[in-house]
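Pulled from TrEMBL:
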type: TRANSMEM; residues: 106-126; note: transmembrane segment
type: DOMAIN; residues: 109-532; note: domain 'Major facilitator superfamily (MFS) profile'
type: TRANSMEM; residues: 146-168; note: transmembrane segment
type: TRANSMEM; residues: 202-223; note: transmembrane segment
type: TRANSMEM; residues: 235-257; note: transmembrane segment
type: TRANSMEM; residues: 263-284; note: transmembrane segment
type: TRANSMEM; residues: 346-370; note: transmembrane segment
type: TRANSMEM; residues: 411-432; note: transmembrane segment
type: TRANSMEM; residues: 438-466; note: transmembrane segment
type: TRANSMEM; residues: 478-498; note: transmembrane segment
type: TRANSMEM; residues: 504-525; note: transmembrane segment
Amino acid sequence: MQASTHLIKGNLEVKISKRRDLPCFREFKERKSTLTRNLCIRRGSICSGLTSGAVSMGAELARARDNVETVARSLIKFRSVKAQASGGDVEDLAPINPHETSTGTVLPFVGVACLGAILFGYHLGVVNGALDYLSKDLGIAQNAVMQGWVVSTLLAAAAVGSFTGGALADKFGRTRTFQLDAIPLIIGAVLTAIAQNVQTMIIGRLLAGIGIGITSAIVPLYISEISPTDIRGALGSVNQLFICIGILAALVAGLPLSRSPVWWRGMFGLAVIPSILLALGMTYSPESPRWLFQQGKISEAEKSIGTLYGKERVPEVMYELRTAGQGSTEPEAGWIDLFSKRYWKVVSVGAALFFFQQFAGINAVVYYSTAVFRSAGIASDVAASALVGASNVFGTVIASSLMDRQGRKSLLITSFSGMGASMLLLSLSFTWKVLAPYSGILAVVGTVLYVLSFSLGAGPVPALLLPEIFASRIRAKAVALSLCMHWISNFVIGLYFLSVVDKFGISVVYLVFAAVCLLAVLFMAGNVVETKGRSLEEIELALNPTT
C-alpha cells in the first residue's frame, strides 16, 4: 500500500517538476494534501488498511490519482499563472481562461467596440479625397501649410487623446469611457461637415482627433479583457482590420465627389452615424470583468462574466481573477522608470516600431494618394485610392492568418522589405524617362504593392507586440509612450508632406521613405525578438539580458 502511494506521489512530482518555480506550486501541494486527506476520510477502507481485493484497491488508487492530477491541471491551467521574470517582474500568462469553447456571445460586443476602430480609420482617410474640394471652399487651395494643418490637427489631438484614454478607462470603466468618447467624435464630425472657414474645420478636427486618440487606447484594451483565451489571438488582429475597413469606407465615400464637389461635407458628416451607434451599443455591452473586480464590484463582475462566457463559467473565471493579482510585490512603474537601464531597451523597441511604421510613409500614402495619382495622370484618382484601401483590408486579413505561423519578426522584416522595394519603384517611375509612358500604371501598382506589404506586417504587428514585450508593471505607460510616438510621427508626416514634396519633388520623398524602410529592416533584424510560441518571461529576458 505504501509503495503504491509513493508511486502515485512520485509520478505527480515528475509531472510538475518543471513548474516548481511557479508561485502556485506551494498552493498546489497544499491542495493535494487536503484532497488526499478528504479521500482518506471518504475511502476509509483504503486508508485503514482494510483489504477488499487487489482490483478494488487499484480502482480506488486510480481514482485518487486522477482526482489529484485534476487539481494539478486546474491550478496550472485556470489560475493566472505567475512566474518571476527578470528583475522581479511578474507576468500574467493567462488573463481570463475559460477552458471550454466560447459560447460566442463575446463577438457582438467586440463588434460594438470595433465601431471605434472604424471611426479611427475613417477620420484618418476621409481627408484624402476631400482635401482639394474643401480647400477650394474654405479658401486655402493655394496654401499647402494650411492644408497640412487641416490634415495634421487631427493627429496632434489624437496624441493627447491616447494619453488620456487609459486614465479615463481606469477611472470610469471601459464602456463608460466609450460613451464619453462619443461626445467629441459626434461634435467634431458635425463641425467639420458644416465648417464655413478653416478655423471651424480645425476645431472640428481637433475634437475628432481627441476622440480617435481615446479609441486607439481603449478599443484593444477592452477587446483583450473580454476575449476568452481560445480566440484572443484571432480577435487581437480585429482592431487593425476594422481600422483598415474605416479607411476604405472613407475612400469609397469619396467616389461621388466627381459628380458633386460639395459632397465633401457629407463625407465628414457620415462619421456621426457610427459615433452614435458606438454610444448606444456600449449601453448594452458588459463592462470588463477585470475592471469591475479591481473596483470591488464582485456581483457586477459575476454578471458580466455570465453574459460573456455563460453562467457555468462564473466560478472558475472569478477564481482566476482572485488569484491573478497575487505574486507581484513591486508597485506600478513611474514615468521615469521607463527610461531606466532596466526598461529602456524594451521601451525603445516599442517606440521604434511606431517610428518606423510612420516614417516609412504609410500615412503619406493614405492621406495623399489621390493627389499623387492625379499628378501621375490617373483619370479616376479617387477610385485608385479606393483600390489602395481595399488592398489594405485584404493584406490585413492575410496577415491575421500568418501571424501565429510565420511569426511577428519575420513578418515585420518581409513587410518593410516589400515597402522599401515599392517606394523605390515609385521613385524611379517619376524620374526615369524610360518609364515616363508608364508612370500612371506604375504609380497605382507601386502604391498597391506598398500598402499590401504594409498590411502584412508593419501595420498589424506593432500593436500586437506591445503587450508581449512590455512587463506588466510598465505596460500601461509604455503603451501610452509608444502610441505618442505613433501620433507625433503621424502628425509630422501629415503636416509637412505636401510642403516637402513642393520643395524637393515626390521622387526624392519616396526615395527617403525607401531608405527608412531599409533602416527598419536592419533594426528589426538586430533588436526585435521573435515572440511566437514564447512565454512573456522569455521575451522579457531576451530584451533585457542584463537584468
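The chain as shown is numbered from 1 upward.
Each residue, glycine too, has its Cβ placed from N, Cα and C.
Source: prediction; values computed, not measured.
For the transmembrane segment (263-284), same-chain residues at least 6 beyond its ends with a Cβ under 8 Å from one of its own Cβ atoms are 112, 115-116, 118-119, 122-123, 126, 129-130, 133-134, 137, 175-176, 178-179, 181-182, 185-186, 188-190, 192-194, 204, 208, 211, 250, 253-254, 256-257.
Most Cβ pairs under 8 Å with the transmembrane segment (346-370) belong to 478-498, among the candidate stretches 106-126, 146-168, 478-498. Take the transmembrane segment (202-223) and the stretches 146-168, 411-432, 504-525: counting Cβ pairs under 8 Å, 146-168 has the most.
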